[in-house]
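Trainee: As annotated by TrEMBL, active site, proton acceptor applies to Glu96. What TrEMBL lists as domain 'Radical SAM core' is 102-339. Annotated [4Fe-4S] cluster binding site per TrEMBL: Cys116, Cys120, Cys123, in sequence order. According to TrEMBL, the S-adenosyl-L-methionine binding site annotation covers Gly169, Glu170, Ser201, Ser223, Leu224, His225, Asn301. Feature annotation from TrEMBL assigns active site, S-methylcysteine intermediate to Cys344.
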Amino acid sequence: MTAPAEKTNLLGLPKAKLEAFFETLGEKRFRAQQVLQWIHQRGVDDFDQMTNMSVALRERLKEIAEIRGPEVVYDETSKDGTRKWVMRMDNGNNVETVLIPDGERGTLCVSSQIGCSLDCTFCSTGKRGFNRNLTAAEIIGQVWVARKAFMPYEPSSRPITNVVMMGMGEPLLNFDNVVDAMNLMMEDLAYGISKRRVTLSTSGVVPALDRLGEVTDVSLAISLHAPNDELRNQLVPLNKKYPISELLAATRRYLARLPDKRKATIEYTVIQGVNDKLEHAKELAVVLKGLPCKINLIPFNPFPESDFERPSMNATRRFQNALTEAGYVTTVRTPRGDDIDAACGQLVGRVEDRTKRSQRYIAVQQVNP
Ligand code: SAH
Ligand code: SF4
């Protein structure tokens, strides 16, 4: 007996791919527009609810396609309004997604991989090793689940105004799926988020960064964490392959291609006694000279197996002041959602331990302020 063909999950198809899908069915391309709206704006996963399509087409779609998002295993809102989901993906792995409301703004922090192969020494995702890439459906599925939490759909209500690819994983190592998912985030018929408000964060996969500039114009966050190669080699092993000068040159190239004037965000995780000295701040100010950027300082979030410590607020402020005096717009990321561990992502580990899925501590991640 032959196994039944796998159904196409329409959730992960950006407009062009959905149009191609309908064309292969002998249908008009505008079906794609209708389906995009049903799925992403109305949160519908049942073809029978798509009442502007014929019953025959709906029956056909049920046979060959599906709309399947991640399963929510945890959904909690912190006292400060930060909301966190743990979502179970196909092979039972959990991924976390965090929504941080801030006035009119709602920033959703999305994961791109299960684990990460790059092994930055201060990152618990890196410590956990790499499991697999998320599919485009699993990446956009995080936005879909979060958006559905605010149904019924009102065009005027915008609970998610910004998305940052800063959850688990290195987005540039899952290039095609991340690009498809980001296209859906920006698609007017789906989430309609401005390209300025979709941010890809990378530790610096230089060739992929150049490729990114050819296919999209989202905003960029560069995880720098050190002002010189000697120190960065220790914190971000990928630096041995793509040193700071190459990374910043690629960042300049990316910004230069954008049709508008935009700055990159330089992320700098401040670790006590490691990269938090005044001389580091001064060196950083020199290294970044001429790059259109703002700097975001992230006080290190400790986790059980890490050897590093969080810097004092004084040390962080001193660092910030030095950069501000040198002319850089510099912010300090404040911890949010502490009571539900949203700020440091310790939740996935706890949920998994409870269910005895894994003995390993999982996923510390950060979100943008
Ligand atoms: N892989 C990508 C995106 C995910 S990491 C990248 O590295 O940019 C998102 C951000 O969280 C990065 O800037 C990362 O350096 C930071 N981060 C990771 N672990 C951290 C920790 N324990 N404390 C503070 N920031 C951390
Ligand atoms: Fe991977 Fe980013 Fe963590 Fe480095 S900081 S290990 S690139 S997720």
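Here the Cβ of each residue, glycine as well, is placed from N, Cα and C on the backbone.
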Trainee: Work out how many Å separate Cys116 ([4Fe-4S] cluster binding site) and Gly169 (S-adenosyl-L-methionine binding site) at their Cα atoms, rounded off.
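Mentor: That separation, Cα to Cα, works out to 5 Å.
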Trainee: Pull out the recorded positions from the set Glu96, Cys120, Cys123 whose C-alpha sits within 10 Å of the C-alpha of Asn301 (S-adenosyl-L-methionine binding site).
Mentor: Cys123
Trainee: Of Glu96, Cys123, Glu170, Ser201, Asn301, the recorded positions listed, which put a C-beta under 6 Å from ligand 1? Please answer none if none do.
Mentor: Cys123, Glu170, Ser201, Asn301
Trainee: Might you list, by sequence position, any residue in that chain lying six or more from Cys120 ([4Fe-4S] cluster binding site) with a Cβ less than 8 Å away from its Cβ?
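Mentor: Gly126, Ser203, Ser223, His225, Leu235, Val236, Pro237, Leu238 - these are the non-local Cβ neighbours of Cys120 ([4Fe-4S] cluster binding site), listed in sequence order.
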Trainee: Taking the Cβ of Ser201 (S-adenosyl-L-methionine binding site) as reference, which residues of that chain separated by at least 6 in sequence fall under 8 Å from it?
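Mentor: Set apart from Ser201 (S-adenosyl-L-methionine binding site) by at least 6 residues yet with Cβ under 8 Å, we have Val164, Met165, Met166, Pro171, Ala221, Ile222, Ser223, Glu267.
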Trainee: On a C-alpha basis, identify the one among Cys123, Gly169, Glu170, Leu224 that is nearest to the residue listed as 'active site, proton acceptor'; the candidates are the binding-site residues.
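Mentor: Closest recorded candidate to the residue listed as 'active site, proton acceptor' by Cα: Gly169.
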Trainee: Only counting partners 6 or more residues apart, tell me which same-chain residues put their Cβ under 8 Å from the Cβ of Glu170 (S-adenosyl-L-methionine binding site).
Mentor: Ser112, Gln113, Cys116, Ser117, Leu118, Thr202, Ser203, Val205
Trainee: From Cys123, Ser201, Leu224, His225, Asn301, which binding-site residues have a C-beta atom under 6 Å away from some atom of ligand 2?
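Mentor: So the answer is Cys123.
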Trainee: What is the separation, in Å, between the Cα atoms of Gly169 (S-adenosyl-L-methionine binding site) and Cys123 ([4Fe-4S] cluster binding site)?
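Mentor: Gly169 (S-adenosyl-L-methionine binding site) to Cys123 ([4Fe-4S] cluster binding site), Cα-Cα distance: 10 Å.
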Trainee: If you draw a 10 Å sphere around the Cβ of Asn301 (S-adenosyl-L-methionine binding site), how many other Cβ atoms fall inside it, taking every protein chain shown into account?
Mentor: 21
